[in-house]
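Over in TrEMBL, the protein carries these features:
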- 224-241: compositional bias 'Basic and acidic residues' (COMPBIAS)
- 54-127: domain 'Methyltransferase type 11' (DOMAIN)
- 202-282: domain '18S rRNA (guanine(1575)-N(7))-methyltransferase Bud23 C-terminal' (DOMAIN)
- 210-249: region 'Disordered' (REGION)
- 264-284: region 'Disordered' (REGION)
Amino acid sequence: MSRPELQAPPEIYYGDIEATKYTKNTRNQQIQADMTYRALELLNIPPEEPAFLLDIGCGSGLSGEILTEEGYIWAGADIAPSMLEVALEREVEGDLFLQDIGQGFGFRPGSFDGAISISVLQWLLNAETSHPTSSPPHRLNRFFTTLHSALKNPSRAIFQFYPSSDDQIQLITSCAQKAGFGGGLVVDYPNSKKAKKVFLCLFVGGGGGQQQIPKGLEGEDTEDSKVRFERRRERERTRDRSGKRKSVKDRDWILRKKELYRKRGKDDVPNDSKYTGRRRKPNF
Ligand SMILES: C[S@@+](CC[C@H](N)C(=O)[O-])C[C@H]1O[C@@H](n2cnc3c(N)ncnc32)[C@H](O)[C@@H]1O
């Protein structure tokens, strides 16, 4: 895992105490987990296909842990050193980048098979300074253009976010469109004050109408909640007594990671064998 340089940029949204509190709060954990599972559903990557995902505004890695448990390899970017510090303490599997997404990404074209972002996009609507390059449209354009290039064709990027007006939605969707994305909004439980969730589903490529905007969920959140609650309990079983996650690097995980590296053109990936993923005896 790469260690981010932890020098504070001027924009810090979470102090050390807030970052730890945010991460330990079980209600936050549940809400962010639910939204991550839904984002993965909307991402619609075929099961068993190895995939490298970008978690935009990854924070302390609450979503990242689910990505790992669901078998994905991932990298996360966040502006807050304190949040990344907590992610490192929690020993998440993803590569972490200290990055203001409003400055745009510097990833190689086509690096990622998809992206998710949970509760982050609304932050790009704040002007950082009065300089024109800090204006929300400027930052959104830079962000979406560089994200579009960092994604494979075809692929998707799914953002759960909290817009506070239709104008904000309009600005975000028009900047995404300008950057080359297709797609649109999916609103789950639109008639429930409590359960309503807004997802921006962006598509790269897949022309000819192959990528359809998924339908939002209707009615009450009950059945989905039950399924997600079971998944969360399963997830909690992967923690040891101190609250640290147990390793999920089993044979399947290793095979998926090797397959992903081969797909990405890495030529020194060892062959699979019956010994792959086998535990070594400790060397005393
Ligand atoms: C509510 S937290 C969500 C964190 C994580 N996605 C989760 O679900 O737990 C919002 C995150 O967005 C990050 N953030 C806000 N503005 C950002 C920016 N311009 N660039 C990168 N990250 C940003 C914050 O540092 C914070 O970690």
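For all residues, glycine too, the Cβ spot is worked out from N, Cα and C.
Just so you know, TrEMBL annotations are computer predictions that nobody has curated.
The residues of the domain 'Methyltransferase type 11' (54-127), classed with DSSP into helix (H, G, I), strand (E, B) and coil, number 25 helix, 20 strand, 29 coil. For the domain '18S rRNA (guanine(1575)-N(7))-methyltransferase Bud23 C-terminal' (202-282), the model gives a mean pLDDT of 70.
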